[in-house]
Every structure is written in C-alpha cells, then in structure tokens.
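**Q** The structure under discussion is supplied below as structure tokens; questions concerning it will follow.
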Amino acid sequence: MEEILRLRRSVSIDDYIEKVKPIVEAVKREGDKAVIRFTRDLDGVELDSLRVTEDEFEKAYDAVDDGLIDALEVAKENIYRFHYVTSVERDMKVEFEDCVMGKIYTPIEKVGAYIPGGRASYPSTALMIGVPAKIAGVEKLVACTPPNKDGKVNPLTLVALDIAEFDEVYKAGGAQAIAAMAYGTETVEKVYKIVGPGNIYVTAAKLLVAKDVAIDMPAGPSEILVIADETANADFIACDCLAQLEHDPMAVAVVLTTSRKVADEVEKKVKSEGDFSNFAVFVVEDLAEAFEISNEFAPEHLTVAVKNPEEWLGKVRNAGSVFLGNFSPVAAGDYASGTNHVLPTAGYAKIYGGLSVESFLKHFTFQMLSEESMRRIGGDVVKIAEAEGLRWHAESVRKRLEKI
C-alpha cells in the first residue's frame, strides 16, 4: 500500500500558499489594476479589460465548428438530465406529535467558476459547473478563465460558457483570478463560493481565500485506479490510464488486477507510449484485496473492469466517480454521459464528493411547536439548560410553560 500511495508526489501546499499570498493581497487592494498587472507579468498577456464582450462571444460561435457545438449541446442535455433527476428534495417537512419541523434548501446567490486553461482548454468544465449551478437556481454565475497570448479566450471555451448560461466571463487565470472573485474588483463580481479545478497555484489561492468565501474542494493532479480481473480488456485499460496521464506530469494511474496476463499487457501498452513515473500495475490475490487498497487510496476515478461489476459496487467506500464494466471509459464521464467530472483528488474522496446540484445549495431548518409540544419537552429543556449553566435558556422555556 505504501508503494501505491507514494505514486502521489508529495507537494507542500503551504509553500504555494505563501507564494500566492502577495498576489491575493494585491488584488484585494488594487482590484482590476493588479489582475491586469499579474496577467502581464506572470502569463505574458497584455489586457485592456477583463470582461468578455458580446462581440467576443459572437465571434467565438463563428470560429467553432457546428458539429462541435451540437456535441456540446448533447453533453449539456445529458448533464442536465442526470443532475436534475438526482438532486435533493428542496422542501422537506415532517411532523412529530404536534411539532412541525423541516429543512429547506436555497441556492447560493453568487458563484464564481474557475475554468482552466494552460496545457489545454476545458470547455467541458464550463458545462460541468454551469448546468448544476443553474438547476440549483444560482442567480449570478460568473467565470474566470485564462486568456491566450493574444488576450482572447479560447473560442470553444466561450461557446461552452454561453451554452452553460454563465452570466459573465472574465479574462483572468491563476491566483489573481481566484482573488478577484473572492474579493471583487471594479469589473469582477464578488461571489460567495468558488468552484472548479486548477493548477497548484489556483488550489493554493482557493485555500487561502477559503476563510472569506466557500470553496468546493482542494484539487490536485488527475488520477485513476483500475480494478481488473481476467475478463478485462487490457487495451481499454491502457487507454484509460493514458487518458489520465496526459493531463499532467503529476497525474497518477494505478492498475490492480488478479490476472498476470492483463497486468503484462497493460504495462506493455502504457510504457510503449512513454516513461510515466506515476504509473504502476500490481497483481493482487483477489478482488477483495483490490477494493481494500482502492478504498484506502480513495481515487478520483475508479474503474471496475470485472465480471458482474455491479455486484462489487457495494464494496466501494471512497471514490470520486466509479466506472463499471469494459464499456464505461472515464472519458465518457469527463464529457457526456451526464455525471460530473469535477471530482476530489489526492485522497480527498474520503471526505468530499464530486460537484453536484447540492454544491450550489445551502439549507436552513425550521420548527413550529404547539403548546402540547412545549408541554411535552419543556421540562427536559429546562433541566439540560440549567445543567449547562444557561439561566436564560431555561427561563425562556419556563415562562412559556407557565402560560400553558
């Protein structure tokens, strides 16, 4: 197990928090001016303004193939369908012995999304964030995404942001983008929660501002763990591993299999594509051992390529998203099956779930007690309040009991 855990390279996030702190503080003080300065100094991009204009959106549609736009629309429909059907009941009410209680979910009013750039553009992330946010009822949904060297946002990303119904989009990346959304600038809307994946600097900035705004989860490099038996298709598994490894030099791919033949074939295929220090294949005694290891590793993506995979789903305790069978590639979930691809990494699946409609909701509880309810529990409330030394808690109940 230690050998598997070591595949995740240890990075001190505290060091990066210290690096981004001056950036965050400058944006907090100076607003747009600081964002534009850091975009020039760190990214080599000169900007006149931060907000993406309607004209830029129109030109983006002209630059993107119609077939690709149609594909994004299909992905949006599937993402909407899954997230709508699986979202929590908004208004729950119960009654116990004349005491009416309930829980009501309401949307977070303002949310900011970070849409990564850098090594690649990620229009799919716009859909993964925007669709559940709008189902939740977020009133103001904004996004920051890094501009290209010419000061423009990738056209495909802009089209996806428009399809996902974002209200405003800003040309900013890195820690300066996170700070702008956390504290607001002359142009960028101050939000109540920031979501979306990014590099180590983005993650550090999110953790730094988390004392002032909510965040979704810490994010690290992409990862996959595959559990396979002799029925698995080694070529499929190798491709799934390579799909994660192409994201980032620090991405991780692990295969646990009961079949030596599958192990050898997967290893040969992956290594023929490059030397990946964060890739490993292990032969295990049985599937029970594989699931035990997987639950400790808590992978972002878990592929279960075994006979009757659904029968093993109950063994999964910790995973961001699970892909069952030989024909459920991670890429399907990344783009268009309907589940979300903004997922916990680096073992955080032990304590976080992936992005969902609930990520954009908060709840409050309510209660309405009748005189009979007050008579029934009032004496117990007084006893507990007095035991805690809280005189007026007890008195607030005692006064009511006297009137019943």
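Backbone N, Cα and C define each Cβ position, glycine as well.
Okay, these came from Swiss-Prot:
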| type | residues | note |
| --- | --- | --- |
| ACT_SITE | E300 | active site, proton acceptor |
| ACT_SITE | H301 | active site, proton acceptor |
| BINDING | Y114, Q176, N199 | NAD(+) binding site |
| BINDING | S222, Q244, H247, H301, D334, E388, H393 | substrate binding site |
| BINDING | Q244, H247, D334, H393 | Zn(2+) binding site |
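Burial and contacts for the listed features, if you can.
**A** Packing around E300 (active site, proton acceptor) is summarised by its Cβ count: 28 other Cβ atoms lie within 10 angstroms of its Cβ, all protein chains included.
In sequence order, S222, E223, I224, L225, Q244, A319, G320, S321, F323, V330, G333, L343 constitute the residues six or more apart from H301 (active site, proton acceptor) in its chain with CB-CB distances below 8 Å. Taken residue by residue with DSSP, H301 (active site, proton acceptor) is part of a strand.
A simple way to gauge crowding: the CB of Y114 (NAD(+) binding site) has 29 other CB atoms within 10 angstroms, across all the protein chains here. The DSSP secondary structure for Y114 (NAD(+) binding site) is strand.
DSSP classifies E388 (substrate binding site) as coil under the three-state reduction.
Following the DSSP three-state reduction, the secondary structure of H393 (substrate binding site) is helix. Around the Cβ of H393 (substrate binding site), the number of neighbouring Cβ atoms within 10 Å comes to 15.
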**Q** Which one, from the binding-site residues D334, E388, has the smallest tally of other C-beta atoms lying within 10 Å of its C-beta?
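**A** Fewest other Cβ atoms within 10 Å, among the binding-site residues D334, E388, is found for E388.
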**Q** Looking only at C-alpha atoms, tell me how far N199 (NAD(+) binding site) is from E388 (substrate binding site), rounded to the nearest Å.
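**A** Cα of N199 (NAD(+) binding site) to Cα of E388 (substrate binding site) measures 48 Å after rounding.
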**Q** Looking only at C-alpha atoms, tell me how far H247 (substrate binding site) is from E300 (active site, proton acceptor), rounded to the nearest Å.
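**A** Per the Cα atoms, H247 (substrate binding site) and E300 (active site, proton acceptor) stand 13 Å apart.
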**Q** Taking the Cβ of N199 (NAD(+) binding site) as the centre, count every other Cβ atom within 10 Å, in any protein chain shown.
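**A** N199 (NAD(+) binding site) is surrounded by 20 other Cβ atoms within 10 Å.
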